[in-house]
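Taken verbatim from Swiss-Prot:
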BINDING   17-24, 64-68, 126-129  GTP binding site
DOMAIN    9-177  domain 'Era-type G'
DOMAIN    208-285  domain 'KH type-2'
REGION    17-24  region 'G1'
REGION    43-47  region 'G2'
REGION    64-67  region 'G3'
REGION    126-129  region 'G4'
Amino acid sequence: MTEQFDKTYCGFIAIVGRPNVGKSTLLNKILGQKISITSRKAQTTRHRIVGIKTEGAYQEIYVDTPGLHIEEKRAINRLMNRAASSAIGDVDLIIFVVDGTHWNADDEMVLNKLRNAKAPVVLAINKVDNIKNKDDLLPFITDLSSKFNFAHIVPISAQRGNNVHELEKIVRQSLREGVHHFPEDYVTDRSQRFMASEIIREKLMRFTGEELPYSVTVEIEQFKVNERGTYEINGLILVEREGQKKMVIGAGGQKIKTIGMEARADMERLFDNKVHLELWVKVKSGWADDERALRSLGYMDE
C-alpha cells in the first residue's frame, strides 16, 4: 500500500554535457540500476532517457540527454543535438556534467546554450578520481565560476559514487511542491521494447570495440510473451555497409552470439523474466543520414 503524505514534491532535472563525460553513468548511479546505456565511445546515448527516483514524498524525474557537440554533418547528429537542447528548456534544475579538468570547444558550446536556461545550473565535475594533480582542480573551478553563475559546483565520481549523495541533496532542494507524475515503483517511462533495443545496442558498442562506427541501430521487430510466460524478442541490427555486418557477426558467428548472450542476461535482470532473444543483422545504406528513416526508428528531436 502506498504511504500517504501531507505534502509531496516533484521536479524535472536535465543532465547535460558533451559526449562521453559520464551523464548516463551518473543517472544509473542515482537510480541504483542501469536504465541508460554506457560505453567508452562518445555519444552512446541517442534518445532522451527519462529516469525516475521516488523516495517517500519526493519524486525526481531525470532526463539523460544525448551529448551535445559541434559536429552536425549527419542527420542523426542533428536530431541528437536538438533532442539534447530541447531538454534544457522545461526543467526545474540542470546538471551540467564535465570530464574532470578536460575542457574543450564542445563544453564551451554547452555552456553557451545554458546561458538562456531559466532553471538553475549545477556544475558536476565528474571523474575527479582520475585527476592526478588535485592542485589543478581549484584553478579550474575558479575559471569556470568566472564564466557562469553556477548555483552549485560539485566534484564527483559517478563511477564510484563519490559525492553523488551531495548532488542528490541539491536536487531534492530544487523539487517543487506538487503531485507525483509517476507511480512510486517506476524507474523509467520507456517501454520494455525500447529498453531491449538499448541493451542490445550497448552490447554492440562494447563488443565491437572501436571497429564499428555509430552507423548502427537496433529495431525490435517482435516483443511478445509466449504460453510459458517467456519474453520472445527478435532484434534487427541495422548497419550501413556489408563490412560492418561482418564485424557484428564475427568469425563463425561468435561475436553476435556473445552479444546476444550478454544482452539476454541483462534483459532477464531488468525485466525479472526469462527471455528468448534472436538477433539478425541487415545492411540498410544511408539510414543515419535520412531524417524520415530516423524518425521511423524512434529518433525524435523533441
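Cβ coordinates are placed from backbone N, Cα and C, and glycine is handled just like the others.
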In three-state DSSP terms, the structure that Asn20 (GTP binding site) belongs to: coil
Using a Cβ-Cβ cut-off of under 8 Å, list the residues of the same chain that are 6+ residues beyond the ends of the region 'G4' (126-129) and lie near it. 21-22, 26, 97-100, 137, 155-160, 162-163
So if I draw a 10 Å sphere around the Cβ of Val128 (GTP binding site), how many other Cβ atoms end up inside it? 18
Ten-angstrom check, please: count other Cβ atoms within 10 Å of the Cβ of Asn20 (GTP binding site), all chains counted. 19
Please spell out the DSSP helix, strand and coil residue counts for the domain 'KH type-2' (208-285). 29 helix, 28 strand, 21 coil
Given the binding-site residues Gly17, Lys23, which one's Cβ is surrounded by the fewest other Cβ atoms within 10 Å? Gly17
In the region 'G4' (126-129), how many residues does DSSP call helix, how many strand, and how many coil? 2 helix, 1 strand, 1 coil
